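What follows is a set of notes on a single structure, which appears directly below.
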Amino acid sequence: MTIEFSAEQLRAYFVCGSQDVGNRGLVEILEAGLRAGITAFQFRDKGISRLTATERLQLGQQLHRLCATYQVPFIVDDDVELALALKADGIHVGQRDQQIRQVLAQVAGKMFVGLSCSTPAEVLAANQLSGLAYLGSGPVFPTTSKADADPVIGLPGLTNLVQLAQTPIVAIGGITESQLGKIAETGASGAAVISLLTQSPDMTATVQKMLQAWV
Ligand code: TZP
Ligand code: MG
């Protein structure tokens, strides 16, 4: 069963792949996040991931099953083939990934689509597309989780993109607990994080802070 998109799912959006968790288990970390109340999960297995395609597929199946148990959307980063094979609820694509128009056509009616936009020009181009569920914008702050991240846009840059966009925006990049209130004030619909959750000493408390920023 596919989970439909709603903007509330962007509030506590956990992004993670095997490269982000070292020797720890991604399944266990995701389960802790789900128990804590994350509202979306993106399987982003890339960069220094050492998984084979088969291992990635098997891990993705486990992660999707887990998300389904909690009725939380399972979103695949970048890889349309993998997203279709896993019957994901959503796919997230970057500007340098697969062509967005092609992706929208390939997955139409099967899953929702999110697109990374870090400049006003990218947001204006995204406004011309139909069928996009949400935009991911950042990095808002410096991040150590993505080697090839775009330049930092800061809170003013995020505010500008939110004002231009015709679809909900989830902010990403270097987001810490202390910045959540300011992210919410920009009008962004939520925060997408890797390290805030993978490094959290208390996932329940961290997710509560994420959710409360949008109350
Ligand atoms: N895209 C832009 S920044 C980023 C991605 C995937 C990494 C976010 O990770 P963190 O640890 O929350 O800064
Ligand atoms: Mg599903």
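Glycine is no exception: its Cβ is also placed from the backbone N, Cα and C atoms.
The 4-amino-2-methyl-5-(diphosphooxymethyl)pyrimidine binding site annotation in TrEMBL covers Gln42, Phe43, Arg44, Asp45, Lys46, Asp77, Ser116, Lys146. Annotation source TrEMBL lists Mg(2+) binding site at Asp78, Asp97. Annotation comment: TrEMBL describes 13-195 as domain 'Thiamine phosphate synthase/TenI'.
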Practice prompt. Counting Cβ neighbours within 10 Å across all chains shown, tell me which of the binding-site residues Gln42, Ser116 comes out on top.
Written response: Gln42
Item to complete: Going by DSSP, give the three-state secondary structure for Asp77 (4-amino-2-methyl-5-(diphosphooxymethyl)pyrimidine binding site).
Response: strand
Worksheet entry | Asp78 (Mg(2+) binding site) and Lys146 (4-amino-2-methyl-5-(diphosphooxymethyl)pyrimidine binding site), distance between Cα atoms, whole Å | 14
Discussion item. Assuming the binding residues for 4-amino-2-methyl-5-(diphosphooxymethyl)pyrimidine are exactly those in the record, Gln42, Phe43, Arg44, Asp45, Lys46, Asp77, Ser116, Lys146, what is the maximum CA-CA distance in angstrom, rounded?
Written reply: 16
Worksheet item: Under 6 Å from ligand 1 by Cβ, which binding-site residues from Gln42, Asp77, Lys146?
Response: Lys146
Fill in: Pairwise Cα distance for Asp77 (4-amino-2-methyl-5-(diphosphooxymethyl)pyrimidine binding site)/Asp97 (Mg(2+) binding site) [Å, integer]
9
Discussion item. Please report the Cα separation of Gln42 (4-amino-2-methyl-5-(diphosphooxymethyl)pyrimidine binding site) and Asp78 (Mg(2+) binding site) in Å, rounded to an integer.
Written reply: 10
Response to the item:
CA pair Arg44 (4-amino-2-methyl-5-(diphosphooxymethyl)pyrimidine binding site) / Asp97 (Mg(2+) binding site), Å rounded to integer, equals 13
Worksheet, complete the sentence: Ser116 (4-amino-2-methyl-5-(diphosphooxymethyl)pyrimidine binding site) falls, by three-state DSSP, under strand
Worksheet item: Hey, how far is Asp45 (4-amino-2-methyl-5-(diphosphooxymethyl)pyrimidine binding site) from Asp78 (Mg(2+) binding site), Cα to Cα, in Å?
Response: 9
Worksheet item: So how many other Cβ atoms are close to Asp77 (4-amino-2-methyl-5-(diphosphooxymethyl)pyrimidine binding site), meaning within 10 Å of its Cβ?
Response: 24
Response to the item:
As a whole number of Å, the Cα atom of Phe43 (4-amino-2-methyl-5-(diphosphooxymethyl)pyrimidine binding site) is distant from the Cα atom of Asp97 (Mg(2+) binding site) by 15
